[in-house]
Amino acid sequence: MVQCTLIWAGIGAMMAVSGALLGWVVFPRAVHEKVIEATELRQGTDQYKRWEALPQPLDFKVYIFNVTNPYEVMQGRRPKVVEVGPYVYFQYRQKDNVRFSRDRSKVHFSQQQMYVFDAESSYPLTENDELTVLNMHMNSILQIIDNQAKETITNFRSDVNNTLEKIPVVRVIKRIIERTTPIQSILQLAEDETYDSLRLINVELNRIFGRPDTMFLRTTPKQFLFDGVPFCVNVIGIAKAICKEIEKRNTKTIRTMPDGSLRFSFFSHKNMTDDGMFTINTGIKDPSRTQMIELWNGRTTLDVWNNRSSGLSSSCNKIHGTDGSGYPPFRTGVERMTIFSTDICRTVDIKLTGSSSYEGIPALRYEIDNNFLHEIGPEYGNDCYCVNKIPKSIVKSNGCLYKGALDLSNCFDAPVVLTLPHMLGVAEEYTALIDGMDPEPERHQIFVDVEPYTGTPLNGGKRVQFNMFLRRIDAIKLTDRLQPTLFPVIWIDEGIALNEDMVKLIDDSLMKVLSLLDVVQWVLIGVGLLLAVLMPTVYFVKRCRGEGSRTVSPAVTATTSAASLSTVAGVTGDRSK
């Protein structure tokens, strides 16, 4: 009995130790190796197939600010806008031109994007809803000409002269004027005087933009976002020369049509196109760099933001991080991560704010860091973002924008300003000038929930708003009464929420395995400790009871014998009597 009890106690102790070793040493190592194997980018693996073509489309939601008082704004009144949306699109992503390095540690690729309208999720809204929005292309072109008038006029003067020289009658008249009159031509005057140059543009506005009576545009989401708003249609003379200069700028939101006209659209340049050549780390040599960008278009830096006075590239131009579609594994304890976004030509830091869950899967919540759209300037150590490309607008004395706004002029080749949706966290210098902004951190903040073992994004949203300054422009009569305003145009929510199939995949391949390993660990430890403690306890209890029985038995026997003798003596005495 003693030997059997001790054997069971020993087995229990061994089980407890085994459970501890398995749970805290063996299982973690095995899980670590399996996670690395599952997250590396190797051709032919399931992970590679999911990376090459996202197993589900992203949600691309667009909210458009409809202007309810356009004619009042033209008279200098405060603008009133109403958010209309979401207009929901499926965003499909497919890797093309995939090529691995010799050692397989890096992979080069481009990524095609395609947008398809999701009528069901957008209902009751449709792509053909009529809305009044800021005429972005006209406003942009006028501001660019205002800021660079002499340069612009000089460029298209030669185009106009060449055009006029091809017309025989004009050529003859021009020669006569040059011989008989010392007066300068209109084009020469335009070249010398900025104000007169703008007056020249003012005359041609109707031909270029189709007789606008406000700085706003009546359009549809389909036209404004993808199909394009036409302008520069059937233009001649100076208007044609101006349109040629617009075309030469190669602004990505403006494209040339077969008939020579131009079209502006917000996202047509993103549809059925790629956003450059990426080189990322496969994680084979260093799992901590899985999917980290090594090069974009063959470079490690941009030429968008200001560089250091020494000429060296600034931190603002540095390309690093992932593209946001995936992160390296083992995120537990990682306080910050970085995303590089080609849409806004910069990297963005996100910081750990706590834990969360998605469809029962534990996750880490990361949100945008305060320095993303915080104060900009030399005193904050980030003056490389102060490109000072939007003069005559509402800016600080050093030319930088106020808190919460970022000048994307160099990125868009147009005076576009980035904020968070509804100007969340934006300085009062901007928010006080417009009605209709209703910022809500939970709805308008950038965030992502990441599964900590694999680095898989479970749920998240990249939320940004695009704005433009609307202001008076000298010599452009249409803008005479405008008050300077940072005007909201659209905001987008580009996000991911894993579908049922992907949730099941993670649950089956990871969560259930981890749960099973936990059960095995704690069953071994629990049963082992129970046996190790219970068996000796049972043994000692039984032993104590056994000793107690042996001690009590002689006393009982003696008492019984004495009682018997007394009884016998009593009986004998009675008989004597």
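Backbone N, Cα and C atoms are what each Cβ position is placed from, and that goes for glycine too.
Positions annotated as topological domain 'Cytoplasmic' by Swiss-Prot, on the basis of sequence analysis: 1-6 (among others). Mean per-residue pLDDT, taken over the topological domain 'Cytoplasmic' (1-6), amounts to 65.
The transmembrane segment annotation in Swiss-Prot covers 7-27 (among others).
As annotated by Swiss-Prot, topological domain 'Extracellular' applies to 28-519.
Per Swiss-Prot, N-linked glycosylation site is recorded for N66 (among others). Within 10 Å of the C-beta of N66 (N-linked glycosylation site) we count 17 further C-beta atoms, all protein chains included.
According to Swiss-Prot, the N-linked glycosylation site annotation covers N161 (among others), on the basis of sequence analysis.
Sequence-distant neighbours of N271 (N-linked glycosylation site) (same chain, 6+ residues apart, CB-CB distance under 8 A): Q113, M114, Y115, F226. If you look up Swiss-Prot, you'll see N271 (among others) marked as N-linked glycosylation site, on the strength of sequence analysis.
According to DSSP, N307 (N-linked glycosylation site) is assigned to coil rather than to any helix or strand. Using a 10 Å Cβ-Cβ cutoff, N307 (N-linked glycosylation site) registers 15 neighbours. Swiss-Prot lists N307 (among others) with the feature N-linked glycosylation site.
The feature disulfide bond is assigned by Swiss-Prot to C316-C384 (among others), with similarity to another entry given as support. Under a cutoff of 8 A between CB atoms, and with a sequence separation of 6+ in the same chain, the neighbours of C384 (disulfide bond) are W305, N306, N307, R308, S314, S315, C316, N317.
The number of other Cβ atoms within 10 Å of the Cβ belonging to C345 (disulfide bond), over all protein chains shown, comes to 19. For C345-C411 (among others), the entry in Swiss-Prot reads disulfide bond.
Marked as disulfide bond by Swiss-Prot: C386-C400 (among others). Just so you know, the Cβ of C386 (disulfide bond) picks up 22 other Cβ atoms within 10 Å once every protein chain is counted.
Per Swiss-Prot, transmembrane segment is recorded for 520-540 (among others).
The topological domain 'Cytoplasmic' feature in Swiss-Prot is assigned to 541-577 (among others); the stated evidence is sequence analysis.
Of all the Cβ atoms in the protein chains shown, 21 others lie within 10 Å of the Cβ of C316 (disulfide bond). Listed in sequence order, I376, G377, D383, Y385, C386, N388 are the same-chain residues at least 6 apart in sequence whose CB falls under 8 Å from the CB of C400 (disulfide bond).
C411 (disulfide bond): 21 other CB atoms within 10 A of its CB, across all protein chains. Taking CA atoms as the reference points, C345 (disulfide bond) and N66 (N-linked glycosylation site) are 27 Å apart.
The two recorded residues N66 (N-linked glycosylation site) and C411 (disulfide bond) have their Cα atoms spaced 25 Å from each other.
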